[in-house]
Amino acid sequence: DKELVMIAIRQKGDLLRFASESLRNDRGIVTIAIKQTAYALQYASEELRQDEDIVKCAIAQNGYMYMFASEKLKLDLDLAVFALGKDTSVFHHIPNALKTEAFFRKIIPLASCSNISLLQCPPALLDNKEFVLYVLENYPRRYKLQPYEKISQRLKSDKDVRLAVVERVVPFKHIP
């Protein structure tokens, strides 16, 4: 009975797990359940876990709900960045295919993402002069020597990179 389920999920949203498949596919019921507890997203139908509005509603309360989004939605760059802005622990649930320069350029400025190490960047990014300079020039205090320690030998020898490190990050004595 739809009315009975609505009464129950208004009190405890994760009771959605006991609802019939058709009710777990009912947008209104799932929205109520998610507003009560974001964790209800895991019990929503696969179809509704593909619905960006439903998933964003859950992520807005708890970024970790990103892990219950459909595989298709997990590939949405903006949704991944939104989730990271709420909870950086979802970083490990973000598909590697998304971890591109565009992705890191979007998350680096987020204060909430300051604990995501640049060492988690793909190696190709740490051999990308433009990207490394972007980080060193815009966020020197947050990342300190992280990029310099892992960048390619080619970039460690690059005059512009060395100058950026010296000017913005560390005293000259730390640069070989």
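Just so it is clear, glycine is given a Cβ too, placed from its N, Cα and C backbone atoms.
Curation does not apply to TrEMBL; its annotations are automatic.
Note that the structure is predicted; figures quoted are calculated from it, not measured.
Summarising the annotation, TrEMBL assigns domain 'DUF4116' to 1-49 (among others).
If you look up TrEMBL, you'll see 51-99 (among others) marked as domain 'DUF4116'. Residue counts for the domain 'DUF4116' (51-99) under DSSP, helix first, then strand, then coil, are 39 helix, 0 strand, 10 coil.
Across the residues of the domain 'DUF4116' (51-99), the predicted structure has a mean pLDDT of 95.
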